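Peer 1: Heads up, here are the entries from Swiss-Prot:
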| type | residues | note |
| --- | --- | --- |
| DOMAIN | 48-80 | domain '4Fe-4S ferredoxin-type 1' |
| BINDING | CYS60, CYS63, CYS66, CYS109 | [4Fe-4S] cluster 1 binding site |
| BINDING | CYS70, CYS99, CYS102, CYS105 | [4Fe-4S] cluster 2 binding site |
| DOMAIN | 90-119 | domain '4Fe-4S ferredoxin-type 2' |
Amino acid sequence: MTLKDIVVGFGTQLRSIWMIGLHAFSKRETRMYPEEPVYLPPRYRGRIVLTRDPDGQERCVACNLCAVACPVGCISLQKAETVDGRWYPEFFRINFSRCIFCGMCEEACPTTAIQLTPDFELGEFKRQDLVYEKEDLLISGPGKYPEYNFYRMAGMAIDGKDKGDAENEAKPIDVKGLLP
């Protein structure tokens, strides 16, 4: 062992002591998760929910656009029809073990029925428990868009009624009558 090795070893020891002392009294980067809340950005995409209209009905019209837009194919649903001609999902299933939370389903949904919430705690012990059915996904409120009602906004005709004759629906505008 030479004098150079001793000096280098001593310098290394001093540098290590200095770094330990420096980091011992600095602010910690680790978050104590359950006790401390985690900061989530305003546009964070977490768990998917299905919302309802302001009158309490399901917003989803089972158009299947969300399942087509999903890049991993984790959404499956089956369309059914009520007696007045409105569509609704007979079953709606999302496999969260495959979902990548990209938000494509939310963008594709014409009725704003699918919305992503900031909830990220989806840990389960069994993989089967990560498959959510419609009953698990439906929430009681309208979500981000409280006043939006698809059937009122879209002006879609319902069986047995002309456009504008349905409940709380405005008469259609005659666009050609507005021309000079």
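Every residue number used here counts from 1 along the chain in the order it is shown.
Cβ atoms here come from the backbone N, Cα and C positions, even for glycine.
What's the neighbourhood like for these features in this structure?
Peer 2: Outside the domain '4Fe-4S ferredoxin-type 1' (48-80), and at least 6 residues removed from its termini, the chain residues within Cβ reach (under 8 Å) are 86-96, 98-102, 104-117, 132, 134, 137-143, 145-150.
Under 8 Å, Cβ to Cβ, and six or more positions away along its own chain, CYS63 ([4Fe-4S] cluster 1 binding site) finds TRP87, PRO110, THR111. Reduced to three states, the DSSP call for CYS63 ([4Fe-4S] cluster 1 binding site) is coil.
Just so you know, the Cβ of CYS102 ([4Fe-4S] cluster 2 binding site) picks up 14 other Cβ atoms within 10 Å once every protein chain is counted.
Mean model confidence for the domain '4Fe-4S ferredoxin-type 2' (90-119) is a pLDDT of 94.
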Peer 1: Can you tell which of the binding-site residues CYS70, CYS99, CYS102 lies nearest to CYS109 ([4Fe-4S] cluster 1 binding site) in space, using Cα positions?
Peer 2: CYS70
Peer 1: Mind checking which of CYS60, CYS66, CYS70 has the fewest other CB atoms within 10 A of its CB? They're the binding-site residues.
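Peer 2: Among the binding-site residues CYS60, CYS66, CYS70, the sparsest Cβ neighbourhood within 10 Å belongs to CYS70.
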Peer 1: Have a look at the binding-site residues CYS99, CYS102, CYS105 and say which one has the shortest Cα distance to CYS66 ([4Fe-4S] cluster 1 binding site).
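Peer 2: Closest by Cα: CYS105.
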Peer 1: Using C-alpha atoms only, work out the spacing between CYS99 ([4Fe-4S] cluster 2 binding site) and CYS60 ([4Fe-4S] cluster 1 binding site) and round it to an integer in Å.
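Peer 2: Distance (Cα to Cα, whole Å): 19 Å.
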Peer 1: Enter the number of other CB atoms within 10 angstroms of the CB of CYS105 ([4Fe-4S] cluster 2 binding site).
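Peer 2: That number is 24.
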